[in-house]
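Step one of this worksheet: look at the structure below.
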Amino acid sequence: MATESILITTLPMDLNSQINNVTFGLNENETLCENWREIHHLVFHLANTCFAAGLVIPSTLNLHMILLRGMLCLGCIFFIIWAILFRCALDIMIWNATFLSMNFMHFIYLVYKKRPIKIEKDLKGIYHRMFEPLHVSPELFNRLTGQFCEIKTLAKGQTYAIEDKTSVDDRLSILLKGIMKVSYRGHFLHAISPNAYIDSPEFRSTEMNRGETFQVTITADDNCVFLCWSRERLTYFLESEPFLYEIFKYLIGKDITTKLYSLNDPTLGKKKKLDTQPSLCSQLSVMEMRNSLASTSDNEDGLQTFLRGTSTTSSQRNNQQEFCNAYGVGPLSHAVFC
């Protein structure tokens with residue numbers, strides 16, 4: 001108390017008067033707060049209710065951002081109505097009109113992002129079977145299939161690739177409709193069914209070494225429709241999309257393994273009429289393939305192990321010796337299935 005009196009005494013007279021005015025003003029405000037004003041109109045409370053409802057929407061809800069922006073827009077509209085009709089406050093109206101325009105633009109953007117994306121009718125099958133289970137969005141799938149690929153057809157009997165002639169560097173394809181058969185020097189190897197890669201072994205084996213040619217002949221056994229990518233442009237695209245690169249790596253590895261298993265498992269064949277054609281690999285044991293694949297986590301290493309393990313078996317069969325020796329254990333291709 002003594003310190004306070006000393007400070008007041010040492011201050012100039014005009015400053016003392018200002019302090020007294022401030023003290024008087026504060027005391028006056030305190031007396032004014034004793035009388036509360038009447039409750040605002042119902043529209044004011046509706047606006048705040050909309051804000052509160054938007055903030056408590058759980059983030060786990062799929063459309064929570066759209067609902068949040070919608071509730072904020074509704075709350076701003078109620079505030080504008082309240083400011084114009086019941087308060088006649090221009091500043092409140094301007095601020096809420098600004099907030100309304102910002103939230104409404106964001107609301108429109110979010111609704112646009114949620115629009116259903118159309119996928120071509122011919123491509124719906126491979127999307128739902130191959131890409132959708134791996135969480136590839138329709139938008140990303142359309143980017144993958146809409147820029148540097150095309151849908152092509154082959155009539156029955158036409159060839160997709162000819163051994164020792166067709167380059168493997170040009171394309172990568174997925175069969176959409178029909179069925180194809182793979183053969184070597186007239187000997188049937190295996191069939192290619194819809195929703196499967198046509199040339200996945202060649203694509204994997206020549207990632208580092210270019211300039212190779214097909215070592216097998218791939219022929220349309222029915223009227224076929226396939227999706228074809230330009231290999232060079234696809235490679236550049238996948239370099240900029242690490243997620244899709246891993247998806248392709250997984251799908252191609254799975255496709256090669258499926259082709260390998262299908263050699264000795266007729267139930268995996270799509271057409272029974274192809275099962276009647278003798279395959280040079282039909283006498284190999286499925287257990288040999290399973291054991292070789294189980295011995296390693298890498299598909300290519302497993303295939304190479306399988307090749308080494310089956311080369312002895314093939315040498316014991318005169319009708320298979322010429323075929324298996326033509327490939328040996330060289331680069332991975334359709335020949336791994338023998």
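Keep in mind that glycine also has a Cβ here, set from the backbone N, Cα and C atoms.
Feature annotation from Swiss-Prot assigns N-linked glycosylation site to ASN21 (among others).
According to Swiss-Prot, the feature N-linked glycosylation site maps to ASN29 (among others).
Taking the topological domain 'Extracellular' (1-40) as a whole, pLDDT averages 53 in the prediction. Residues or ranges marked as topological domain 'Extracellular' by Swiss-Prot on the basis of sequence analysis: 1-40 (among others).
Swiss-Prot lists 62-65 (among others) with the feature topological domain 'Cytoplasmic'.
Swiss-Prot lists 87-91 (among others) with the feature topological domain 'Extracellular'.
Taken from Swiss-Prot, the feature topological domain 'Cytoplasmic' applies to 113-338 (among others).
The annotation transmembrane segment is assigned in Swiss-Prot to 41-61 (among others) on the grounds of sequence analysis.
Annotated transmembrane segment per Swiss-Prot: 66-86 (among others), in sequence order. Only residues 6 or more beyond the boundaries of the transmembrane segment (66-86), in the same chain, are considered here, and those with a CB under 8 A from a CB of the stretch are 40-41, 43-44, 46-51, 53-55, 57, 92-93, 96-97, 99-100, 103-104, 106-107, 110-111, 114.
Long-range contacts of the transmembrane segment (92-112) within the same chain, counting only residues at least 6 positions beyond its ends with a Cβ under 8 Å from a Cβ of the stretch, are 65-66, 69-70, 72-73, 76-77, 79-80, 82-84. Per Swiss-Prot, the feature transmembrane segment maps to 92-112 (among others).
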The topological domain 'Cytoplasmic' (62-65): DSSP-derived helix, strand, coil residue counts
2 helix, 0 strand, 2 coil
Other parts of the chain folded back onto the topological domain 'Cytoplasmic' (62-65), taken as Cβ under 8 Å at six or more residues beyond its ends
110, 114
